[in-house]
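One structure below.
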Ligand SMILES: CC1=C(/C=C/C(C)=C/C=C/C(C)=C/C=O)C(C)(C)CCC1
């Protein structure tokens, strides 16, 4: 099957194999870690708090990114896209929906943590559920737009996965890109920056650093920044001058998000880590229990 299909233009055999393998590893690792986060939430009663519902929302979205990456890995190994042009539109939509839901849920977690640590107000179930629903509907709104004609989904340079078509650089693309990045990158980034700065000040005053306040924003900027740069570069210059293999790098970096998020939001969170440990070993960690109660 592999030999029947020619290599995509601009890629050597080794490069296609390397990208497929990277996508597969990202998909499997991210799926296992986020799957563990989701199952622990289901099984461990102590984990089922309104704040952790937002962490669950990130994990669900990240599992969606992994499914997207898995399909991309599979077709990379085939060297062609076997699902037709409708399949390409669905793949682009599904990837965008879950990626944008992951970004807005991360901003929701930042907002919740700000209130938890700085204003000492407790998140209610109704608020947490509303925020989660809003994050997903907001992501659905932006990801459905290219299907309706504002922006467009098309093949990535490797031609084995689909995303926003940045190759045209016309007015339709530019207006969509600007609106998309303001509402799905800059505003969530600003919420995270201000929230974690305030939390950092609070931790500094008390001398107790409960978690690394720099990591969530760094994750957003490092994982999504290259994609953002590529898309903005495409808005002002002819992106076709960049070699297809370099244009695949931001997509591969972005798909590390599920793995990184699992470490930052679930395993990097004292309470959640305790719950995962309890799910895996059956042992309850007393400190996590105390922390939960003093929350
Ligand atoms: C374009 C763009 C963004 C979103 C990118 C997304 C969501 C990419 C998803 C790609 C996928 C899933 C590819 C699958 O093969 C941001 C970060 C909001 C910033 C502004 C530019």
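Every residue gets a Cβ built from N, Cα and C, even glycine.
What TrEMBL records for this protein:
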- 16-41: transmembrane segment (TRANSMEM)
- 33-265: domain 'G-protein coupled receptors family 1 profile' (DOMAIN)
- 53-78: transmembrane segment (TRANSMEM)
- 90-111: transmembrane segment (TRANSMEM)
- 123-145: transmembrane segment (TRANSMEM)
- 173-196: transmembrane segment (TRANSMEM)
- 217-236: transmembrane segment (TRANSMEM)
- 248-268: transmembrane segment (TRANSMEM)
Folded-back contacts onto the transmembrane segment (16-41), same chain, C-beta under 8 angstroms, at least six residues removed: 7-8, 47-48, 52, 55-56, 59-60, 62-63, 65-67, 69-70, 72-73, 76-77, 79, 158, 160, 245, 248, 252, 255-259, 261-263, 265-267, 272, 275-276, 278-280
Spatial neighbours of the transmembrane segment (53-78) far in sequence, C-beta under 8 Å, 6+ residues away: 1-2, 5, 16-17, 19-21, 23-24, 26-28, 30-31, 34-35, 37-38, 41, 91, 94-95, 97-99, 101-102, 105-106, 108-109, 112, 125, 128-129, 131-132, 135-136, 139, 156, 158, 160-161, 255, 257-258, 261-262, 265-266, 269, 272
Folded-back contacts onto the transmembrane segment (248-268), same chain, C-beta under 8 angstroms, at least six residues removed: 19, 22-23, 26-27, 29-31, 33-34, 36-37, 40, 55, 58-59, 62-63, 65-66, 68-69, 72, 99, 102, 106, 109, 156-158, 161, 163, 211-212, 215-216, 219, 222-224, 226-227, 229-230, 276
Positions whose Cβ lies under 8 angstroms from the transmembrane segment (217-236), at least six residues beyond its ends: 103, 106, 164, 166-167, 169, 173-174, 177, 181, 185, 188-189, 192-193, 196, 242, 247, 249-251, 253-254, 256-257, 260-261, 264
